[in-house]
Amino acid sequence: MQALLLVGAGGAAGAVARYLLGVQALRWLGPGWPYGTFAANILGGFLMGLLAGGLAHRGGAGQETWRLLLGVGALGGFTTFSAYSLEVALMIERRAYGQAFAYSLGSVALAVAALFAGLLLARRVFA
């Protein structure tokens, strides 16, 4: 139960932070490109790396609490791209270059394809 509360609280905070970033990016830079999403994905990757490195260095008690609150919750709510980035980085560190390339390309291509499939289905169902 405590794990669910940590993930939920972190996820709520991350989602609000992403929303506010998107609002500010739109206000500052305009609607010409998805600046908010781009920034959230890059910042989320950076923060996930910082968290993973910090937790690996620190170790010990409380590590799982911080991982759940910040890694799974806050960064998961801010962007799932941060978790994806960590997974690719771990593959590269293990020298699994082919796997990292396939996962990177496949994740992006299939996510975009799935989005289009969902749009197509929604348009047919709700037309």
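Glycine is no exception: its Cβ is also placed from the backbone N, Cα and C atoms.
Under the heading transmembrane segment, Swiss-Prot lists 3-23 (among others), citing sequence analysis as support.
Here the transmembrane segment (36-56) has long-range neighbours at 18, 21-26, 63, 66-67, 70-71, 75, 78-79, 81-83, 85-86, 89, meaning same-chain residues at least 6 beyond its ends whose C-beta is under 8 angstroms from one of its own. Feature annotation from Swiss-Prot assigns transmembrane segment to 36-56 (among others).
Per Swiss-Prot, transmembrane segment is recorded for 72-92 (among others).
Summarising the annotation, Swiss-Prot assigns Na(+) binding site to Gly76, Thr79 and lists sequence analysis as the type of evidence. Using a 10 Å radius centred on the Cβ of Thr79 (Na(+) binding site) and all shown protein chains, the other Cβ atoms total 25. Under DSSP, Thr79 (Na(+) binding site) is assigned to coil, being neither helix nor strand in the three-state scheme.
Taken from Swiss-Prot, the feature transmembrane segment applies to 101-121 (among others), supported by sequence analysis. Residues 84, 87-88, 91 of the same chain sit 6 or more residues outside the transmembrane segment (101-121) yet have a Cβ under 8 Å from a Cβ within it.
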